[in-house]
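Data first, discussion second: the structure below is written as structure tokens.
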């Protein structure tokens, strides 16, 4: 995380060499394509994972099966999104060097930086404990004979178990943190989508 902060910060701080290079830099179709592709894939992944995949599977699969799917998807989702956010950010800054920023560009860089650091933070510090809690919770539920219900949470005999309730409350708290973080990154993405839409000249 510290390395990522230092890397992005070093990229954003202008130097004489970078100013000189950027003044001679022309937008290429390749970098524009990579920039737009990374942004579109990022936004598409957010919409799919948040509003389509998660809700659809929760109401279609037994709860433990859904949990196993989430154990696989969550790390990949936030890893890929962080990489796509960083790609979009770096190319955008390459096209808009710091010495040329106005308020509009600074807001866009801030939003994309926020999305990247949030996704990285979630992947490194919130996803691992969430996955461990899923395993602990599922093991206790299997022992008690619950967890195969679809679209609902039935604690059964575990509703009087303090150990299970503590794990479950911790799981829900971490899950809420991740959900809020994901919605904030989506807000940053929508902010940049609005910016791109305002600059389109092909429609």
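The backbone N, Cα and C atoms fix where each Cβ goes, glycine too.
Bear in mind that the values here come from a model prediction, so they are computed numbers and not experimental data.
TrEMBL lists transmembrane segment at one of the ranges 6-33, 34-61, namely 34-61.
In TrEMBL, the transmembrane segment annotation falls on 73-93 of the listed ranges 73-93, 136-156. Here the transmembrane segment (34-61) touches the transmembrane segment (174-197). Their Cβ atoms form 3 or more pairs under 8 Å, with each pair 6 or more residues apart.
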